[in-house]
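Asks: Before I ask anything, let me first share the structure, which is written out below as structure tokens.
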């Protein structure tokens, strides 16, 4: 087996990044990178194996290497509170000031653009990524191809692959819709890629390659696995975090019965980093969908917990079993008060799991504190109580492998929406909209543009059919007559 396919040797994102970069790769260049000596030695061996491969073999192995990389940036990577440096002044731990964050993002953007440029220039990479010049040149060629009276084969290929739409005076290159006006996939040039990847990465809680690809492939036609990996190699927060085992709060799936209607309730202790009067967090998880709810608590008294649970139950519905690792006495008291306050509700306590409780509670606490740290740093705030709802949304919209969908989809039956940024309108158009009237105008322009493209496509299809008929060498006299039966029919 080639050395670069051994999982232990592809654990460093630096190795993958250098292998994907064109040009000579010497051991000297590695000392420019933050890697260990063992990694540098591994890279030298990997490079030797890599150079022996043909171009087609490299393409074949590339996907395998990218799959191995999935473990390098774990899904939902979050920086642990304990790993954040202490800062001087009034900034809380883990909260960078705005100027430092802007400088870091600027450096990331510059490095990403350089890496993408090298990737595109690599002869072994069949690029879907446009330079800015190529992007606008393609728009021009697509428009010219549609306007030509007599079209070449290249014109037909262009028209079959791309469409151009105009919204508020801005022309955008999109994937040919073929009549599917409810699904638009945009093409972007490399100068636009970083902001799209960065915003998506943050919005899904520093999610890995698979989650980012799931988020982006529905709206963009040329955001590839390779460019996502290049971006992820630059995210310091993801690589500073030590991979931790996934916690298993939810029991193993069983055939459906009432016991499946279970919720998990934990009280997480935040007294060491209290946010004003809030010193605890209520962690709620639905067993079957893994949907979570986070709420700040002033105390861990049962009556305060019950008040929050009633809000949850009257919105999402009530489970049959309430499970908790916060103690049998606490669980029984909460269940008793729920049944007292809501006589029509009948809910029972979950089974006690000796030996498992502490690990499960610690897992939930670690997960939430990691999310809090990331949110505090991104928002320059130490008021974690205000951010719990946003952290909850990030976790619930993340793709879950065991569910094969996000917890939000499992709970509600559709994907989470974020206002107009979930619409088919271009991002830059959405950013300028202020009123419903402006939204209606933009949607009408998009609709009209799609209708025009659909009519043009129908005309091009008719022209292509006519051209095929003109090129048909079969004489008209040889066409079979229907009166001669089926024996004279020709098969095409």
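Just so you know, glycine gets a Cβ as well, placed from its N, Cα and C.
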Asks: Looking at phosphoserine as annotated by Swiss-Prot, pick the matching residue from 11, 115, 288.
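Replies: Swiss-Prot annotates phosphoserine at 115; the rest carry no such entry.
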Asks: Look through 41, 117, 314 and state which residue has the annotation phosphothreonine in Swiss-Prot.
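Replies: Among 41, 117, 314, the residue Swiss-Prot annotates as phosphothreonine is 117.
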Asks: Output the one of 115, 117 that, of all these modified residues, has the highest number of other Cβ atoms within 10 Å of its Cβ.
Replies: 115
Asks: Please work out the mean pLDDT for the residues of the domain 'Integrase catalytic' (247-415).
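Replies: Here the predicted model's pLDDT, averaged over the domain 'Integrase catalytic' (247-415), is 83.
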